[in-house]
Amino acid sequence: MLPAMVEHGGAGHIPKERAELSTIGVKEAARTGYAILQGGPDGEQPKIQCRGSVLNVMGEVEMDAMVMDGRYLDNGAVSAKVLLSMGVPEVPEESLITDYAKMRWKKNLQPDAKPVECQMGKMGTVSAVAVDKDGNIASATSTGGMINKIEGRVGDTPCVGCGGYADNNIGAVSPTGHGEAIMKVTLSRLILFHMEQGKTPEEASDLALTYMKERVDGLCGVVVVDPKGTWAARFSSLQMSWAAAQQGELHYGLYRGEHFVEPVQENI
């Protein structure tokens, strides 16, 4: 069962013209991560080739991120403009903004714009949970947050226990969805609490997602893995692109109930 790598590319309403690209992206990320877990060469990682993010109300990129190591519960997170205050060099704004992001930003500034699930959700969130051959677990999440968010907004992603959690004794979780709702129920830690009570990753995810919908009317998706490599990709939103690599097989899907399988090495 070990190692295992599970990724998601954000939950919500993914436009038809972007659905295929979203699925391709998470599949390639899962393949690359799985190769690293197996001890393969790092090569040039997709993370340094990526660009694009949702924009805040000023049309700027303002991202949050977190990573957590399940061995010692070590974690690190950044949000808003914290990196600038630490002296990290800026990159050109145009290297982060795509034409699609500009189009959505302008559209949502219109007086008659109406909130839809893709605006409230986190279609630009990307996350991964992994367990290596020794049972060490990790979780990582990166996001631009809500579309047209106010400057300085901090969502769930950089908050430990909300936007992610990893513990070698229990498992790892990375969510995507309504950030404020995720924080209200501390979703990641809630899922691991259910797993501590004997629930499988899938059962724990479904219990937590149902509670979140009933208690705070929030929609979400999660990827989860336990120390034995049992994983789950579950969501209450319309869609979530996800992929998981394990035992030479690549599992993936986009819509509820969708689960395709192909060899990990296919098309490489």
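Note that Cβ sites are derived from N, Cα and C of the backbone, with glycine treated the same way.
THR125 (active site, nucleophile) falls within neither a helix nor a strand when secondary structure is assigned with DSSP, and so counts as coil. Annotation source TrEMBL lists active site, nucleophile at THR125.
In three-state terms derived from DSSP, GLY155 (substrate binding site) belongs to neither a helical nor a strand segment and is classed as coil. The feature substrate binding site is assigned by TrEMBL to ARG153, VAL154, GLY155, ASP156, THR176, GLY177, HIS178, GLY179.
In this structure, the CA atom of ASP156 (substrate binding site) is 11 Å away from the CA atom of THR125 (active site, nucleophile). Neighbours of THR125 (active site, nucleophile) among the binding-site residues VAL154, GLY155, THR176, GLY177, HIS178, defined as a Cα within 10 Å of its Cα, are THR176, GLY177.
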